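What Swiss-Prot says about this protein:
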BINDING   119  chlorophyll a ChlzD1 binding site
BINDING   199  chlorophyll a PD1 binding site
SITE      162  site 'Tyrosine radical intermediate'
TRANSMEM  30-47  transmembrane segment
TRANSMEM  119-134  transmembrane segment
TRANSMEM  143-157  transmembrane segment
TRANSMEM  198-219  transmembrane segment
TRANSMEM  275-289  transmembrane segment
């Protein structure tokens, strides 16, 4: 009894030291309580992803006994390779390795995909919490983790919400380059995402954010306060932690205000950097919301055959061109799982060709 109490007391003495180490901001890399969850989850996801990308056997993704190979050892390269999503025969069932009769069955049904995405989603969520935790420890404001929530929401949209809405993890995004593009093509074919306003906002956020980042960086670099000679690197003119400003915001404001017009230029550094952060973040949030709505088939705008002349004859538009492309992609994907896409199998015929030549 005495021995057991001594062991417990020694463990209790070590616990406060462990807590202090986990929450210490003096470590070279901050761990944090969220890090205790993040590190094993991301390591598990990375390890399974690497092994599956190299050596996983083909997966029966459509549930029709026609396996699709995605690994290096089965003939793929870095472009065509992927961790193939779990089988449509599994649907939305949670499919850990102990639910399969054998490891071979688990691999055949795409079990590694679920292992990777679940650990990955938990890991990046914990990483976001770790950002908040470190900001809290250092007395900083919490907006870093808020900005990071944009890519986190995108990951949850394509890996979790979309499969939930479609009824199967086989509809999730494959973990590979060509698999990602295949996912994008199929998404366009089935949901017309290019005509969804939230996707348009996301495109504006990505391209606009890149433009604003380049504009800001070039303006700052062009208005640095000279601290060095011509023979020295201008980077030597800045000392880490210096109090004085390293560039002339008045000069940058004056330049940009004259290049476009006065009120297009920020005269407040804080509001400028807030805008640089909030614009792409909000746009990516909107894109994630768009994916989540289209997951439940609330799709993009449909302008098929929407313009007619005085005689009621259809005047083809770019909406009809886009519809024709969508039908082509929809016919090609899962070609052995379905006879026709839903659009072609409908009672009313859909005009595919914009025009046909006269024969005879």
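Quick reminder: no glycine exception, Cβ is built from N, Cα and C everywhere.
The Cβ of residue 199 (chlorophyll a PD1 binding site) lies under 8 Å from the Cβ of 193, 287, 290, 300, each of which sits 6+ residues away along the same chain.
Same-chain residues lying 6+ beyond the ends of the transmembrane segment (275-289) with a Cβ under 8 Å from its Cβ atoms: 143, 146-147, 149-151, 153-154, 156-157, 198-199, 201-202, 204-206, 208-209, 212-213, 216, 266. Each residue contributes its Cα atom, and for the residue listed as 'chlorophyll a ChlzD1 binding site' and residue 162 (site 'Tyrosine radical intermediate') those atoms are 17 Å apart. Residue 162 (site 'Tyrosine radical intermediate') falls within a helical segment according to DSSP. Same-chain residues lying 6+ beyond the ends of the transmembrane segment (30-47) with a Cβ under 8 Å from its Cβ atoms: 21-24, 115-117, 119-120, 122-124, 126-127, 129-130, 132-134, 137. Neighbours of the residue listed as 'chlorophyll a ChlzD1 binding site', defined as other CB atoms within 10 A of its CB across all chains, total 20.
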